[in-house]
Structure formats: C-alpha cells, structure tokens
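A.B. asks: Handing you this structure, nothing more for now.
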Amino acid sequence: MARHGGAGQAGQTHKVHKGGRKRHRNNDEAPRRMGIKQNTANRHGNNVQGTRRARLQAAKSHREKLREKTLREKRLSTHGPPKVIAIIPCTDQVNLEEAHELLRTAATVGARMEDNNGDAFMGTKVEHSGEETFCVPDVKVRVRILPPFQRASERGALRSATLIRLLDYIKIADIVLFVTKAGGSGKEEEAEVMDPLALSMCEALRAFSLPNVYCCVQGMAGLGLSEKAREKKRATKVFTEQVRDSVNCLPLDSNQDCLHLFRMLKEHKQIVPVWRKQRPYLITEGCEVFPNGNQVRVSLTGYVRGQNLSANQAFLLPGIGEYHVERIDQEDDPFTKARKKGKAEGASLMDEDTKTLVVADKSQLESLARENVPDPLAGEQTWPTEEEMREAEEMQLQATKTHRLSSRSVPKGFSEYQSAWIDEEDDDFSDEMEFEDTTDEEDEGNDPGASHFKHPADNLGDHHGEIEIMSEDEGDVGEEEDEYENMDDYVDNYERERKSRKDAEDEDLEFPDEVEVPLDKPARERFLKYRGLKSFRTSPWDPKESLPMEYAKIYAFENPVKAQKQAKAKLRAPAAGFASRRPDLVTKGEHVKLVFTGIPPEKAEALLQAFQGSRGSTPYVIFGLLQHETKMSMVNFAVHKSSSYEEPLANKDDLVFYTGIRMFRGRPIISDSAPNVDKHKNQKFMRSGESCTFSLYAPIHHAPLPVLCFKETEAGLSLVAAGLVKSVDPDRIVLKRIILTGYPYKVHKAKAYVRYMFHSPEDVRWFSPLEVWTKYGRRGKIREAVGTHGTMKCMFDAVVQQRDTVCISLYKRVFPKWQDDETFVM
C-alpha cells in the first residue's frame with residue numbers, strides 16, 4: 001500500500017497554521033503581492049553577520065581602550081606624580097620612627113641598576129618643602145612617604161583637632177598603611193590589633209572613603225611559620241571588620257619586606273575615591289610670594305592629580321578663599337633634574353627657561369560671585385505714582401511719631417502736647433515699663449534645636465570653648481572663689497540643658513509632633529501659617545509659593561543632572577581622533593606652577609604661613625572647583641547618625657561640615673529620606689539607625705562627595721553624622737507637621753463630642769473644613785461647635801472608643817537659616 005506524504009512513519013501530515021486574517025502582513029508572499037522584488041537568497045543572514053561583526057568590533061575597541069588606560073596608569077606611576085603613602089598607627093606599642101625609617105631606607109637604597117652606559121646608580125631621592133620623594137628603581141615606582149600620623153593620647157583630644165587632621169592627612173593619600181604590633185595567642189592580646197582610639201578613627205575613615213589599604217605588622221621576624229600565619233589571620237580578621245572587606249596583611253621588619261610592599265603598590269590596581277577623580281588637585285611642593293602693587297602674585301608648584309586642570313576654573317585655597325590663576329607654567333620634573341645632576345657628577349646645570357603652558361582667558365573665567373543680587377522691585381507690577389510715594393512718606397512719618405510717643409512712659413491723663421515735653425533720658429517711669437518679647441513663638445515652642453536648646457559653650461566667647469583663667473596676680477582670693485562658683489554654675493547649667501534636651505527627645509518619640517493650643521491666643525492666629533492636607537503623599541504643594549527672601553540670593557538648575565554632567569565633562573580631554581586640542585587644559589600628571597593674582601597681601605601672608613606650617617606634617621593641598629561650585633544654593637546631604645554619638649541631635653543645631661574640599665559651618669534642617677515623593681516631613685531630632693537628609697544654604701557640591709558632620713561639645717569636635725551629597729535642589733519641599741489633640745468625653749457609636757482641642761467656637765468653625773482622625777485609625781469630620789468653650793461635635797466612619805484620641809494634622813513649609821559667615825572657609 002502506497003504511503004501518502006512523508007512527514008511521519010504512517011505518512012501523516014498536519015494542517016498548516018494560516019495565521020488568521022492578517023496573515024499577509026507576516027507572510028513571505030506579502031512582498032510579491034505588493035509588487036516588491038525580493039532576493040531569493042538568505043534575507044537575514046547578512047544582517048545577522050553584520051550585527052555580530054559590529055559587536056565584535058565594539059568589544060575589541062573597548063578592550064583596546066582599557067589596555068591603553070592601564071598602560072597610561074602604569075606609565076604615570078613610573079614617570080608621573082609619586083604615590084603618596086600615609087602611615088597610621090593602630091596601637092601605642094607601634095614604633096612609628098622605625099617603620100618610617102625602614103620605608104625611607106628601602107626606597108633610597110632599592111636595588112642596584114645599570115643605565116645604558118653601564119654606570120650603576122642607586123634609587124633617586126628628591127627633597128622639597130621638608131619632605132622626601134623617592135624613585136625606587138627595582139620596581140620602577142615613585143613614592144612620597146608622608147611623616148607618620150601622630151595621634152592624640154586621649155580620646156577627648158581625638159574628637160577635636162586630631163580627627164580633622166586625620167581627614168586632611170588621608171584625603172591626599174594614594175596608599176594607607178595601618179601599622180600594628182604582633183602579639184601573643186591570648187585573647188587579651190588579640191584585642192590589641194586595634195585599640196579603642198584606632199576603632200574610633202576607623203568609623204570616620206570608612207565614611208570618608210579610603211584608597212588602597214594595607215595592614216603592616218611589626219615584630220614578625222622572630223616568629224615561626226605557624227605563628228606568622230596566626231598573626232596574619234588575626235590582623236586580617238580585625239581589619240576586614242573595621243576597615244574594608246579585603247585587606248592585604250604584610251610584615252614590616254626588613255628592607256625586603258618594604259620592597260615587597262613597593263612591588264604590590266606597583267602591580268595592584270589603584271583604588272581612587274570617585275570624588276578625587278572628578279576634580280583636579282595639587283599637593284604643593286613650593287610656594288613663592290612676589291609683591292605686585294596693592295596685591296601680590298603667588299605661585300604654587302606641584303603635580304596635577306585627579307583630573308585634567310583648566311586655567312579658566314576657580315581654585316579653592318583652604319583657609320584663604322577662591323581665586324583664579326593668571327597662567328600655568330611648566331616645571332621640570334624634579335626626578336629628571338636629580339638624575340641629570342647625578343650623571344653630571346656635580347656639574348652645574350642651568351635650568352631651562354620656564355615655559356608657559358596656558359594663559360587664562362578672562363572672558364571664559366568661572367564667576368566667583370557667591371550670591372545672586374536680588375531685585376527688590378522684581379515682584380512689583382507697576383511703578384508707584386508721585387501721589388502714592390507722598391502718601392507713603394506721610395504714613396512713615398506718622399508711624400515714627402506714634403512709635404516715639406508709645407515708647408515713652410507717660411503719666412496717666414497726659415495729653416499729646418504734654419507728653420511731648422517729657423524728656424526720654426529723664427524718664428522716671430522707665431523701670432515700670434514692660435517690653436513685649438518679639439521672639440518667634442513658633443521657634444521657641446516647636447523648634448528645640450533653634451533657640452530653646454542652646455549649648456552652654458556658645459556663651460564662652462569666640463575662642464571655641466576656651467576659658468580664660470585669671471592668675472593670682474590679676475585678682476584676689478574672692479575673685480578666685482567667684483570663678484570657681486561660676487564654673488560650678490556652668491557645669492550645673494550644662495547638665496540641666498543636657499537633661500532637658502534628652503527629655504524633649506523622649507517626649508517627641510512618645511508623642512511625635514503634638515502641640516497644645518495656647519489659652520491666651522486663638523488657634524486661628526497662632527497657627528495662621530499652617531494648612532491642612534487631604535493626603536501627605538498625593539496632595540499638591542507649589543514649590544514656588546511663599547518663598548523667603550534668601551531664595552532670591554541662591555541659584556537653581558533647570559536640570560541638575562544635566563548641569564552636573566556638563567560640569568564634569570568640561571575637564572575631560574577630547575578624544576584621540578580629534579585634531580584640535582582644548583587650549584585651556586593641562587593633562588594630569590604634569591609638573592606645573594600655578595601663578596595666582598588678585599590675592600590681598602594679608603591673605604598671601606596667611607597662605608605662606610600655612611604652607612610653611614605644613615612642612616613635616618600634612619602638605620598643603622589646593623583643589624580645582626567644578627563649574628558652579630562657587631555659587632550658593634540649597635544643598636541636601638543624605639546622612640546617618642554616628643554610633644559613637646549618644647546625645648540628642650536636634651533640628652537646626654550648629655554643626656561643622658567637612659566634605660573633603662571644604663569645611664564650613666551650618667545649621668541644617670532635618671527631614672526624612674523617603675523615595676519617590678515630592679514632600680518630606682521635618683524631624684525635630686535625628687534618630688539613631690535611621691537615614692535622613694540635611695538641607696542648608698551652602699556652596700554647590702556636585703555629587704558624589706562624602707560629608708562628615710561634627711558638633712562642638714565640651715570635649716571638642718565630636719562626629720555626629722556621616723553620609724554623601726544627595727542633590728542640589730531648592731525645590732525640595734520640607735514640611736513641618738503639628739498635631740492638635742482632643743479627647744472624646746461623650747460617645748455614641750460613630751458620633752463623639754470632643755473637648756480640649758480648641759478653646760473657642762470661632763476656632764472650631766475656622767478648622768471645620770479639615771479632616772480629623774484618631775490614633776485607632778478612625779477618620780471623620782467636624783460637624784459643628786457646641787457651647788462656648790471649644791467643644792465640637794464630630795462624625796466618624798466607624799464606632800469610636802472612649803479611650804481614643806482625636807487629632808488634626810497641620811503643615812507648614814520650613815527653610816534653613818541663612819549663614820552669617822558667607823566665606824565658607826575654615
């Protein structure tokens with residue numbers, strides 16, 4: 001029997017799927033129906049091959065770029081800026097002088113190396129500004145070994161100046177060496193890998209972002225193999241928990257150990273914090289001041305690090321201010337000079353003429369204007385007429401006359417004519433006058449961080465907590481007793497304020513945002529600036545409504561993300577295929593001299609003293625600012641509270657902000673960090689374990705950038721919070737919430753009579769459009785006022801319990817306080 005078909009063993013064929021009504025759109029015969037000629041060959045093969053070929057080409061190009069970048073970095077490590085090595089002790093048993101001298105000796109001696117002429121020479125050493133930079137020929141790496149960090153012996157001293165010195169010491173380092181001492185096998189000795197002082201330093205260093213980190217252990221030369229492995233494992237465990245997830249642990253007892261460390265520095269991938277790669281900075285090696293009329297010319301020498309440098313950008317001189325450069329001169333590499341002098345066997349070599357690389361273009365300079373100049377008539381619609389101006393002057397004169405009469409204490413029954421004869425200086429009734437307190441009631445009653453809670457150290461003058469003690473020659477015994485009594489009063493006052501802050505924090509945690517309506521003032525006047533919201537998440541709030549006068553002084557971006565990208569792209573060099581090069585850029589790795597003009601003589605003298613004072617310690621560093629980073633705006637920081645700070649941190653407390661490139665004071669407002677919302681709730685206190693946002697008026701900071709917040713206490717500066725720059729957004733809405741509470745005294749199912757929320761029926765009718773809610777989840781409305789003492793009738797969506805609490809939420813937008821010191825230089 002013949003088989004029909006050939007699809008299966010039984011000759012069975014299946015029905016072809018036709019694709020429905022619109023089969024012609026995806027069918028192969030559709031082009032022929034529309035009269036289009038089609039190639040019978042593989043129609044998709046060429047496209048597939050072309051796409052695959054493009055992917056392979058893109059991958060090859062990416063590999064070549066990465067290879068070029070790696071070779072460029074290795075070339076810079078050999079012929080570019082030396083790598084800066086920082087040494088930090090972890091215990092008091094560490095011999096810092098021995099570790100420092102061992103590294104210097106190994107870098108100086110190195111290994112013997114022959115040049116093309118067969119002459120042997122040792123490692124090259126260059127001295128500048130009291131420090132030494134070495135070129136180790138064995139591993140072909142340039143290093144600059146900083147003096148070891150001298151930490152304070154007391155924990156209280158660490159909270160003040162030592163922690164700031166540590167951050168200045170770390171922010172310029174390319175490699176950080178934590179040096180510890182090898183101990184025994186006991187548990188007590190295991191804890192001495194890091195003492196409590198080092199642990200407190202590590203908390204700040206983790207938040208500040210560290211470069212390459214190595215753990216160096218002293219005292220391992222006389223140990224056996226098993227003991228060495230145990231010590232390495234013990235130290236690695238501690239450093240992995242406290243510093244970074246992966247830390248290399250190395251011995252530090254001989255020159256060979258140091259050379260092995262230098263080889264690892266050469267071969268390992270360099271970890272650079274992102275914020276340092278986005279801005280150019282210069283570690284000064286020389287400083288010269290030349291008089292130039294009323295102003296002086298200052299020149300600073302060093303390597304360009306981090307990012308390419310532009311002659312048109314602004315530069316931040318720490319402690320001095322922000323200035324422009326006049327020109328950028330090229331300086332000979334100090335290592336090349338030292339090697340040439342060594343080959344010449346002491347022959348005198350004349351330095352080449354200074355070559356000017358870039359001259360600043362005055363038309364392209366970044367503006368140094370800190371604030372925008374507001375126009376007081378910008379909101380006026382019409383110009384006032386002469387008649388209106390004359391009436392305004394008459395009203396002002398009348399108001400002045402009335403104020404003078406009202407300010408005098410006049411006997412009862414005196415007329416205006418008789419009152420004019422009373423002399424203000426001979427006023428006999430001045431002691432009986434009562435002056436009205438003009439302090440903002442809202443700030444006193446609801447803002448514990450702004451005015452109610454004030455640190456006692458604020459009353460000690462302008463010496464940052466220093467107390468001047470009188471000697472025996474300057475006062476008698478009675479004055480000494482008064483001094484001691486004042487000190488006891490100060491301590492008692494501080495403890496009393498500290499307890500009140502703690503009680504206010506506990507009360508806010510138990511009854512958040514709850515306030516009481518005053519008896520002597522109507523609620524509709526007391527809370528006039530507040531409004532109700534149907535929903536905190538979805539109800540609209542115009543960000544341009546009722547802005548303070550300070551908003552006319554700050555700058556805002558139409559697109560902050562785009563502005564940030566453009567500011568960073570301005571310092572990037574053009575692609576290699578471009579024929580033209582940016583004339584204002586100096587590539588990183590160049591040894592240059594920056595010439596500044598326009599610096600006042602007193603500022604130049606302070607700069608020279610700062611440079612000379614940095615010899616033998618942390619070098620003086622200047623930073624190039626990105627575009628717009630000299631202008632004021634509303635800066636938001638995403639922070640979390642430090643685990644070592646247990647005191648209450650209130651809203652608008654006076655803090656010191658350290659961002660790596662700046663250090664300034666500010667009084668931020670605290671708000672939550674809820675994502676994907678357009679309104680954020682203001683917080684009275686910062687809670688431990690919660691992330692929040694600090695908002696304040698400050699110079700623009702382009703993210704990413706770390707931030708550490710300090711507060712002045714009786715022991716100095718204490719780390720209270722740490723985080724990152726979040727955004728620059730003046731339109732970020734921060735709302736302060738208050739809750740008015742009442743109690744139902746008569747309940748019938750869903751109806752309730754509520755008292756003690758208001759004290760007059762006018763207030764009840766004023767707030768009747770708002771929605772009321774209870775702590776047990778009921779929602780309702782105010783029906784009417786009952787009686788004359790503020791009792792009201794409310795209707796809810798379900799049965800109300802007698803023990804429930806009825807609440808009304810009110811909101812007001814808050815803003816930070818404007819800074820008195822607008823230089824932002826500390």
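The chain as shown is numbered from 1 upward.
Positions of Cβ are set from backbone N, Cα and C atoms, glycine also.
Taken from TrEMBL, the feature region 'Disordered' covers 1-78, 424-463. Under the heading compositional bias 'Basic residues', TrEMBL lists 14-25, 52-64. Taken from TrEMBL, the feature compositional bias 'Polar residues' applies to 37-50. Residues annotated as compositional bias 'Basic and acidic residues' in TrEMBL: 65-76. The compositional bias 'Acidic residues' annotation in TrEMBL covers 424-446. Annotation source TrEMBL lists coiled coil at 477-507. Residues or ranges marked as domain 'Ribosome biogenesis protein BMS1/TSR1 C-terminal' in TrEMBL: 514-814.
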A.B. asks: Taking helix as H, G and I and strand as E and B in DSSP, count the residues of the compositional bias 'Basic residues' (52-64) in helix, strand and coil.
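C.D. replies: Looking at the compositional bias 'Basic residues' (52-64) with DSSP, the answer is 13 helix, 0 strand, 0 coil.
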A.B. asks: Against which stretches of its own chain does the compositional bias 'Basic residues' (52-64) lie, if we need a Cβ under 8 Å and a gap of at least six residues from its ends?
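C.D. replies: Distant contacts of the compositional bias 'Basic residues' (52-64): none.
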A.B. asks: What same-chain residues lie close to the compositional bias 'Basic and acidic residues' (65-76): Cβ under 8 Å, and 6 or more beyond its ends?
C.D. replies: 266, 270, 588-589
A.B. asks: Just to confirm my parser: what is the rounded mean pLDDT across the coiled coil (477-507)?
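C.D. replies: Mean pLDDT, the coiled coil (477-507): 60.
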A.B. asks: Could you give the number of helix, strand and coil residues in the compositional bias 'Basic and acidic residues' (65-76) as assigned by DSSP?
C.D. replies: 12 helix, 0 strand, 0 coil
